[in-house]
Amino acid sequence: QLTPSSLLRIGQLSNVDLNEDIHELETELPRQRPNEIPHNEKLLSLKYESLDYDNSENQLFLEEERRINHAAFRTVEIKRWVICAMIGILTGLVACFIDIVVENLAGLKYRVVKDNIDKFTAKGGLSFSLLLWATLNASVVMVGSMIVAFIEPVAAGSGIPQIKCYLNGVKIPHVVRLKTLVIKVCGVILSVVGGLAVGKEGPMIHSGSVIAAGISQGRSTSLKRDFKIFEYFRRDTEKRDFVSAGAAAGVSAAFGAPVGGVLFSLEEGASFWNQFLTWRIFFASMISTFTLNSVLSVYHGNAWDLSSPGLINFGRFDSEKMGYTIQEIPIFIFMGVVGGILGALFNALNYWLTMFRIRYIHRPCLQVVEAMLVAAVTATVGFVMIYCSRDCQPIQGSSVAYPLQLFCADGEYNSMATAFFNTPEKSVVNLFHDPPGSYNPMTLGMFTLMYFFLACWTYGLTVSAGVFIPSLLIGAAWGRLFGISLSYLTKGSIWADPGKYALMGAAAQLGGIVRMTLSLTVIMMEATGNVTYGFPIMLVLMTAKIVGDYFVEGLYDMHIQLQSVPFLHWEAPVTSHSLTAREVMSTPVTCLRRIERVGTVVDILSDTSSNHNGFPVVESNPDTTQVAGLRGLILRSQLIVLLKHKVFVERANLNLVQRRLKLKDFRDAYPRFPPIQSIHVSQDERECMIDLSEFMNPSPYTVPQEASLPRVFKLFRALGLRHLVVVDNRNEVVGMVTRKDLARYRLGKEGLEELSLAQT
């Protein structure tokens, strides 16, 4: 029942746009959209390409490397440090911009609504205030959702799954474009101001990565400008290293946690790692948090006092007042278990919701309507909860930004309003630091329940938004509730300070949702500025991860799987030793001869049924008795550059020397090589010959066909390969292993499962 057009549409759902050339095909077909899109999570999509982390060591590359002397290598190294410093500074400045704009716009909105509520509380007619609040929210979110849905769908969500995929070696279209950055920053400002249950911390990681990719290439495709700097870094190897530095700088700007940023990059992202890279990444993170700190300090008017290292500041936790004793450790572990169960529930609900969205809400206009609906519902829920709450607290001595009086006596404020009538970051800090007794247990319980469902509904909308802060907020609320009930049980003994339990609850909830252990422990320690809690936080996070993993996987991994991305984990599935390279590889392989007819090359590249990207080069002897052994490997992109520059000669004079291509010609075409359809080859040129020997990689990695799957996997994953040639004992090519062949095998509930491959 599916038309070809609807099949093309399926590819667009999973927040990732198909390539530009498919769009031209789409306009010719009649526009019909199916109402329901069949989506199966047991698929792997073939539309994602791999990044090539392995340099192609052809003759051009070797000649260039031999020409470079020691001094030139030193300047390259200096350039790397300069780029890392620039990444840090720019990421810090973007974070400042987001912070200052959000603070002013949200402050304006809350002041308008507060004045309105105060006016109508006196003379009745509060429903008008509710209408005003909901309309403000929905209209702001409408703008934020429209720019994402119609201009750049990749900017939706927190961007962490996309960056994880990129660092894993999957090329996701448009993910590190300047356009994506602009939409991301505007979108996140609008969705936080629009009062959704989101944070602005997650998207900082994506923003940092885009900045890094842009600076290190020294040009922008969105602006159509080439600045002719940093040309040496125009290859996947270098770009991916810089992107991991950008992700770390983003974390450290968001949480004021430079070490946490480095560990995040290490844990979530980079598959390839070395000491120098660690040091450069740490430098970028430090620079980024320092930039943010100094700019915000100047903005807040105390230029010499560096007091705001991150976008979210949990405030200081005093060690004297808030130490922990040995008998609290079982309590913390129990909180970890609760966090793991709640996190698994959150992920399971979000999974079904995302499946529903992929199937039914796939038109941009529907996505915008859904985002507006969520914004209006969030405002309504907040208003109704504040309206029904009778929890009044004295106003003096409290640090509430917008105290709402409503039906409380004079000099008192409504304590439900401190949770809902505020940006989520401020609410988290309030839950951590308000003195004991500022919240009624009933208030906290209702708030946790409502906010849990709101946050779950909000993640995966077509807006730019992070899930970090909402999960911290849910956790802090139930943690504080837990602390209050403990002090009831122990008759108010001193160690049951609710703020401490709010911190542990926040850690447990966040760990249960995103399942990061190492980096999250360090981020929480750096954000609270207190090492005392290192051990309990680590215990809580480990427990939450173990318990959560028992039920369902982490939120980011789940979204990666829903988008059918061929993601390679650290290790091959444990039960996969029985499989060998012969069973895993793709066959048959399209091989090229070392001196090949141009027409053959063009036909192979234009063949849409076998959209290969790497071609083994075999010996081109006319004598059939000899074995056609493997001589090298050449990539589609290299062949396209050769055809574009017309590097071929007629049959008659094979020894004629044509214009030598430089490595620069390949770099200038990176990263978006033209499609083969755009290159015109005349009938006479098709008869010419093309000599691949100096452009192919003469030493590609190969494995024998008897190698076991874990062994192949280790080689592929550790070296960041894109193609691994499988040969037999006579060095003849029998197959090719690519990322899809390895990512197909996954451990399911019953053991090893094999996923099917889908074109879309």
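From the backbone N, Cα and C atoms, a Cβ is placed for every residue, glycine too.
Annotated features, as they stand in TrEMBL:
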- 81-102: transmembrane segment (TRANSMEM)
- 130-151: transmembrane segment (TRANSMEM)
- 181-199: transmembrane segment (TRANSMEM)
- 242-265: transmembrane segment (TRANSMEM)
- 277-299: transmembrane segment (TRANSMEM)
- 329-353: transmembrane segment (TRANSMEM)
- 442-461: transmembrane segment (TRANSMEM)
- 467-489: transmembrane segment (TRANSMEM)
- 501-525: transmembrane segment (TRANSMEM)
- 531-552: transmembrane segment (TRANSMEM)
- 696-754: domain 'CBS' (DOMAIN)
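Residues 452-453, 455-457, 459-460, 471, 474-475, 478-479, 482, 486, 501, 504-505, 507-513, 515, 536, 539-548, 550-555, 558, 562 of the same chain lie 6 or more positions beyond the ends of the transmembrane segment (329-353) yet place their CB under 8 Å from a CB of it. At the 8 Å Cβ cutoff, the transmembrane segment (277-299) and the transmembrane segment (81-102) share at least 3 close pairs (sequence separation 6 or more) and count as touching.
Of the candidate ranges 81-102, 130-151, 181-199, 467-489, 467-489 has the most C-beta pairs within less than 8 angstroms of the transmembrane segment (442-461). Tallying C-beta pairs under 8 angstroms between the transmembrane segment (242-265) and each of 81-102, 130-151, 181-199, 467-489 places 81-102 first. For the transmembrane segment (130-151), the partner stretch with the highest count of Cβ pairs under 8 angstroms, out of 181-199, 467-489, 501-525, is 181-199. Ranked by Cβ pairs under 8 Å to the transmembrane segment (501-525), the stretches 81-102, 181-199, 467-489 are led by 467-489. Residue counts for the domain 'CBS' (696-754) by DSSP state, with H, G and I taken as helix and E and B as strand, are 16 helix, 22 strand, 21 coil. Here the domain 'CBS' (696-754) has a mean pLDDT of 87 out of 100.
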